[in-house]
Amino acid sequence: MKSADVKIWAVEAEVGEGPFWDEVTGSLFWIDVRKPSLHQYSGEGVKLCSWVLPEPVGAFALLEDRAKALVALASGLALLDLPSGQVKNLVDPEPGQHHNRLNEGKVSPCGRHFVFGSMDDRDAKEATGALYCLSADRSIKVLATGLVVANGIAWSLDGGTLYFSDSRASTIWVSDWDSTTGTIANRRIFASPTAEQGRPDGAAMDEEGHYWSAGVSAGRLNRFAPDGNITETIDLPVQAPTMPAFGPAGSGLMFVTSHRRIEEPTAMDGSIVVLNVGQRGLPQRRFQLQR
């Protein structure tokens, strides 16, 4: 276990999530789930823009159309017009699931699929969550059901394996991924982190094929080898890290969001942690959603 040299961006998020380094604009985008908003920051931590959203937001994807973003709201997927801030409903993948909200989402390496999950938003949570895939043609497929809090989405180096987790069940799975159809097969357990390692929240993949997972209940990052064993852990100055994301190509930088919905939050909690992990990450993609 080691502690890394870090910088703190005091963004005062309630539930910071979804960091995304955008090579197109050279900036970091992230969301606040409970103070519903999307934010854009420079690589030096300067706020460039913010968009207020009408309800809790669990994930987002910037579109190849630079004027729009896809946002996963509590009531369904919607399109955010960045110049005007207007939100237009797209589709509700879970009509009738009023206790659920959408949570977590990533664009596939090919850019043609957006994989996202849902979760039971009540305190007494049940396994009503699921994992979905929205494809570029706007079709939606159900990938997995019976989840409590869907999380941890990432792809292997070759793009042939999808990783995802259930934070409440403290389980990470891998599945064979078909990038043509946006479907999965052969789901199996990858890892089951202990209480000391922390429940698995958001994740990122490095160029060595190692899976970085935010141990949200343990204040740490866990780096998993392809065989599911932890090869490195990093203690963080926040109690509840939510998701890591690699920064500019070749920089070795990582951005980690956090939340402050804990019993005794400190001034650090809800910040973005910026650290050099000595590894380079796979580039994140914009979504090729068809008009």
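Just so you know, glycine gets a Cβ as well, placed from its N, Cα and C.
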Given that TrEMBL annotates GLU17, ASP201 as divalent metal cation-binding, name the residue from ASN89, ASN151, ASN229, ASN276 that shares the site.
ASN151
Relative to the Cβ position of ASP201 (active site, proton donor/acceptor), how many further Cβ atoms are located within 10 Å?
25
Give the distance between the Cα atoms of ASP201 (active site, proton donor/acceptor) and ARG101 (substrate binding site), rounded to the nearest whole Å.
16
Looking at the domain 'SMP-30/Gluconolactonase/LRE-like region' (15-259) alone, can you tell me the average pLDDT?
96
Who sits close to GLU17 (divalent metal cation binding site): which same-chain residues at least 6 apart have their Cβ under 8 Å from its Cβ?
TRP30, ILE31, ASP32, VAL33, GLY58, ALA59, GLU104, GLY202, THR242, MET243, THR257, HIS259
Position of peak Cβ density within 10 Å, selected from the binding-site residues ASN103, ASN151:
ASN151
